[in-house]
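Trainee: Pasting a structure below so you can have a look.
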Amino acid sequence: MFGHFKLVYPAPISEPIQSRDSNAYMMETLRNSGLNLKNDFGIGRKIWRVFSFTYNMVILPVSFPINYVIHLAEFPPELLLQSLQLCLNTWCFALKFFTLIVYTHRLELANKHFDELDKYCVKPAEKRKVRDMVATITRLYLTFVVVYVLYATSTLLDGLLHHRVPYNTYYPFINWRVDRTQMYIQSFLEYFTVGYAIYVATATDSYPVIYVAALRTHILLLKDRIIYLGDPSNEGSSDPSYMFKSLVDCIKAHRTMLNFCDAIQPIISGTIFAQFIICGSILGIIMINMVLFADQSTRFGIVIYVMAVLLQTFPLCFYCNAIVDDCKELAHALFHSAWWVQDKRYQRTVIQFLQKLQQPMTFTAMNIFNINLATNINVAKFAFTVYAIASGMNLDQKLSIKE
């Protein structure tokens, strides 16, 4: 992974860079998690894959309910809520990880569509934009990594400060409540085991926005090519064959983008649906904990956790919203591209292409609702609803009495 840090900065034109390089970090993380993306796993990596899959999809999600059953009476309210929000997130993480395992081949298929789109980027300005896109998305992934690592570390420090474990997962034969030694042992065990899952989560949470953001760059490049079709400075505007070939290239690029959406949509659909549902519940629990129970030091970790939760949905919703607007601009650009001065064949092709462009590229969650900023706002409203219900039930007083 560290060999790819050069991708943080835009590469010069002389250096070969592809759109698929924008997800190099994310792919390397998935490979380290056990996904055999290159079909080159030996015995050692296959054994690691069994351990990784078992821990991420079985042991970690189950460890929270087991701990609740055994030690529920010993949970203070703020620790119970803090553990519950992480429990919900790990269930969603297990679902996303399983989905990526099932649809691993679609990630490579999407990258092959990126390779096709790169073939249409022949001008130096287009190549520079691709390099800028790779650097921007690489930084976006690093933002996920920094926020997630900051959350893991701050939770560990807060736990040590309050003489408790950071995540409250279940470990047989270890009871951190007995003495300090067992508390330190479980704290650092959790930091490395749950921390590994958090490391994998940087990929499972970021892959939708990484692919969609790269797609948007190619949509904007296509818009520039369509605008250039009707540009008076276009030297080939008087050559019908050249103009028709340029138009056909735009159509092929658009078709490749639609194929890309078909490839990536099944992966995004189910995972983001679960993410929206879980995210609203998690944010509601966070609000209850922060307002009613958490102290100042714990609130810092909660704020970092809120940032991590928002990263799971907001950037993707933003880019999906932007793509819908960009698709409308594609149709407007083609309509104003002086197509009426070309020959009949060109005009007929433009009309058919225009009909296709009027259908925006949209991503949906289980074909129930569109992924956009309006949906993200509704998730936030649901979080306020959860908090309002808890406040109306005087949850703080009831939990304090039980404590």
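Glycine residues also receive a Cβ, built from the backbone N, Cα and C atoms like all the rest.
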Trainee: With the domain names in Swiss-Prot as our guide, do Lys46 and Val324 land on the same side of the membrane?
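Mentor: Same domain label for Lys46 and Val324.
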Trainee: Near the topological domain 'Cytoplasmic' (105-139), which residues from the same chain, at least 6 beyond its ends, have a CB less than 8 A from one of its CBs?
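Mentor: For the topological domain 'Cytoplasmic' (105-139), the far contacts come to 4, 7-13, 17-25, 27, 30, 37, 207, 210-211, 213-214, 217-218, 220-222, 224-225, 249, 252-253, 256-257, 259-260, 263-264, 266-267.
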Trainee: I need to check the long-range neighbours of the transmembrane segment (272-292): which residues 6 or more away from its ends have a CB within less than 8 Å of a CB in the stretch?
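Mentor: For the transmembrane segment (272-292), the nonlocal Cβ contacts are 77-78, 81-82, 84-85, 88-89, 91-92, 95-96, 208, 299, 302, 305-306, 309, 312-313, 316, 363, 365-366, 368, 371, 375, 379-380, 382-387, 390, 395-396.
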Trainee: Return the average pLDDT for the topological domain 'Extracellular' (161-193) as a whole number.
Mentor: 88
Trainee: Counting by DSSP secondary structure, give me helix, strand and coil numbers for the topological domain 'Cytoplasmic' (215-271).
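Mentor: Grouping H, G, I as helix and E, B as strand yields 47 helix, 0 strand, 10 coil.
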